[in-house]
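Asks: This is the structure I have questions about; it appears just below.
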Amino acid sequence: MAKEVVHVIDLESGNLRSLQNAIEHLGYEVEFIRRLEDGSLRHVQKLILPGVGNFGHFVRELRARGFVEPLIEYIDSGRPLMGICVGLQTFFKRSEESPEVQGLGLVDLDLSRFDDSDKSVPEIGWNCVRVLGSEDDKTLYAMDPGSRFYFVHSYAGIVSSEDIDRLQNEGWTLAVATYGLETFIAAVVKNNIFATQFHPEKSGIAGLRLIESFLKQEKDTTIVNKALDDVEKTPTGLTRRVIACLDVRTNDNGDLVVTKGDQYDVREKSDGGDVRNLGKPVEMAEKYYRQGADEVTFLNITSFRNSPVKDAPMLEVLRLAARTCFVPLTVGGGIKDVVDPDGTRIPALEVASLYFRAGADKVSIGSDAVTAAENFYANGGKCTGTTPIETISKAYGIQAVVISVDPKRKYIADPAKCNYNCIETKFPGPHGEKYCYYQVTSQGGRKVHELGAYELCQACEKLGAGEVLLNCIDKDGTNSGYDFELINQIKSAVSIPVIASSGAGKPEHFEQVFKNTSVDAALGAGMFHRGEYTVKQVKDYMREHGLCVRLDEQME
Ligand code: 1PR
C-alpha cells in the first residue's frame, strides 16, 4: 500500500533531515516543497512548516518563494498545518530579532528576546509544557504534563496573564512553558493550526508521539506520561542535561572507531600503541539515545584530512545516526575553511551546511575558534563578519554554533603579572602557586596559545557562538570529576550555555557538577564507552539525589 505523503516546506535554513526521519519512522512519506512553481498548495493534504535560524531571514524567504498567500489559502481550507520553532514564530506579528519584518500576524503578539540577567540565552534544553484549560486525564496532541520537550531559541512569545486571556478569547488554545521567571508560548492550537516552539523531532519518544498525533489528527489524546512529583525546581525550569560524547577517528586499519584517551592521548600505552577502539560510532550513538542521553556529540578528532569534504566519512555517520536518534546531534572537528585534495576551496559555512543537511543540529568549532578570537583581539575587539563562527551563526542562528574549548591549567605565582583572567585556586601548583588561569590550546591540545579560556569564550560569544563545550585537558579521561574552578570561571565570563566536559567517572560526578556550579549541561565519554555506567544509571542516580532530569519512559 502506498504510504501517505506529508509535505514539508523547506526553506533550506537548517536540519530538516531529522524531521524527515521522524515522519518516515512513523510510516509516512515526506515530500519537500522548496518553492511554489505553480503558486498553489492545492495538492497538499498535510503540511509542516519547520524553521530554524533568524526570524527575518525565514519570513523573507517564505515571501520570496511565494508561500504566504497559498499558506493562508491552505489554512482557510481547513487542512492540517503544523509549525515548528521559527515556523511557529512566523504566525506571530513580529519579532524583536528583526523588527523590520512583518510575520503573518495570525497570533496577535510580538516575540521578544529572553532576559539574560538571570539565565543563559538561548534557552537550550528540555522543558515541560502546560496546556491551559486541559482536563485531568486528557491533553492536546500528546503534550503530556510529564513529558519534556527540546527547546532551542532566544526569542519567544513571552506572555502576561492579560495576553493569555486575550489570545484565548481570540480562539487560541495555548500551551505555555516557563524559562527562569518568564512564561512564554510553547504551543498554539486553533482549528486546523497547530504549532510548537519546541522541536518534537528532537524530543525523543515524547516528540514522536506528538508528531504522530498530529499526523493522525488525534487532537484530544489521553495522558500517557503523568507528571512526576518534582524532586527539584531548577532556576530555569530546564532539566539537567546529560550528554554522551563520541571522539571518532580512523584507526590504524582505516576503520572509523570511537576512541578515548586520557589527556588527549588516544593510543594504548601497551600493545604497540594502537588507537584505542571502543566501538562503532553509529551503534554507540543509538545505544546512548536509548539509554536516555539528552544529546549526542560526535567529535572528529583527526578531521580526516585526506578525503574531499562531501565524502567525509563523518557525514555518513551523521546521516545514519539521525535516522534513529531523535535528540539533538552535534558534530565537531574540521569545521573551518578547507581546501579539498583537488585544490577546491570550501568555506566553513558550506562545510557546516553539509553537516546540517546530514542531520546535525549544531556544529562545534575548536581550533578555528581560537584563530577567530586571536584575530578579534588583534583587531581591537571588532568583528569582521568573515569568521566561520560569524558566517555560520548568521545563516543558521547562534544556537547552531558551539565552540569547543581545550584549556590547560597554568599556575601563576603573582596574578598582577598575568594578562589573563586568573582565579585563586584551592589546589595550589607544584611550587605552591595559589593562582592559575586556563591556557587555550588548539589542534587537539598540540598547539598552545597566548590566550586564556576566559578571554576566548568572551570573544566567541561576541562573534556569535551560542554555546560553550568546555573540555579540560588536565581532567580528560582521569575519572576524577570535573574542574569546578574552570567551570565557574567560564560561567562568569559568558551568558550563553556552558557544557561541562572532561573527568566524569561515576554518577556522583554529574550530581556534584550540577550542585557546585551553575553549569547548563554535563558531558561524559569514557565511563559510558567502557561500559562502566549507562546514561540511565547516571540519570537515575541524579534523580535519587534530588536533581531534575528527563526520564524517557522507554529508557533502557
Ligand atoms: O579543532 O575544530 O578540528 O576540533 C577538534 C575537536 O576534537 C575539538 O572539539 C577537540 O576538543 C577534539 N579533540 C581533538 N583531539 C582530541 C583528543 O582526545 N586527542 N578530543 C580531542 C577531545 C574531549 C572531550 C572528551 C571529554 C570527556 N575530547 O570530548 O570526550 O574530555 O572525556 P571523559 O569523560 O572520558 O573524561 P577542531
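Cβ from N, Cα, C; glycine included.
Keep in mind that what you see is a predicted model, and the values were worked out from it rather than measured.
Features from TrEMBL:
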ACT_SITE  Cys85  active site, for GATase activity
ACT_SITE  His199  active site, for GATase activity
ACT_SITE  Glu201  active site, for GATase activity
ACT_SITE  Asp247  active site
ACT_SITE  Asp406  active site
BINDING   Cys85  L-glutamine binding site
BINDING   Gly334, Asn471  substrate binding site
DOMAIN    8-204  domain 'Glutamine amidotransferase'
Asks: Could you state the CA-to-CA distance between His199 (active site, for GATase activity) and Asp406 (active site) to the nearest Å?
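Replies: His199 (active site, for GATase activity) and Asp406 (active site) have their Cα atoms 30 Å apart.
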Asks: What recorded positions in Cys85, His199, Glu201, Gly334, Asp406 place CB under 6 Å from ligand 1?
Replies: Gly334, Asp406
Asks: Is it possible to get the count of other C-beta atoms within 10 angstroms of the C-beta of Asp406 (active site)?
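Replies: Asp406 (active site): 29 neighbouring Cβ atoms within 10 Å.
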Asks: In sequence order, which same-chain residues at least six apart have a C-beta under 8 angstroms from Asn471 (substrate binding site)?
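Replies: Those within reach of Asn471 (substrate binding site), by Cβ under 8 Å and sequence separation of 6 or more, are Ser404, Val405, Asp406, Pro407, Ser501, Ser502.
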Asks: Whole-number Å distance between the CA of Gly334 (substrate binding site) and the CA of Cys85 (active site, for GATase activity)?
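Replies: The separation of the Cα atoms works out to 28 Å.
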Asks: Applying a 10 Å Cβ distance cut-off over all chains shown, what neighbour count does Gly334 (substrate binding site) have?
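Replies: Gly334 (substrate binding site): 24 neighbouring Cβ atoms within 10 Å.
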Asks: Calculate the per-residue pLDDT averaged over the domain 'Glutamine amidotransferase' (8-204) and state the result as an integer.
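Replies: Its mean pLDDT is 95.
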Asks: Around Asp247 (active site), how many other CB atoms lie within 10 A of its CB?
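Replies: A 10 Å sphere around the Cβ of Asp247 (active site) contains 27 other Cβ atoms.
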Asks: Would you mind pulling the DSSP three-state label for Asp247 (active site)?
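Replies: Once the DSSP labels are grouped into three classes, Asp247 (active site) ends up as strand.
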Asks: Rounded to an integer, what is the Cα-Cα distance in Å between Cys85 (active site, for GATase activity) and Glu201 (active site, for GATase activity)?
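Replies: About 11 Å separate the Cα atoms of these two residues.
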Asks: In which DSSP state, out of helix, strand and coil, do we find Asn471 (substrate binding site)?
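Replies: Coil, per DSSP.
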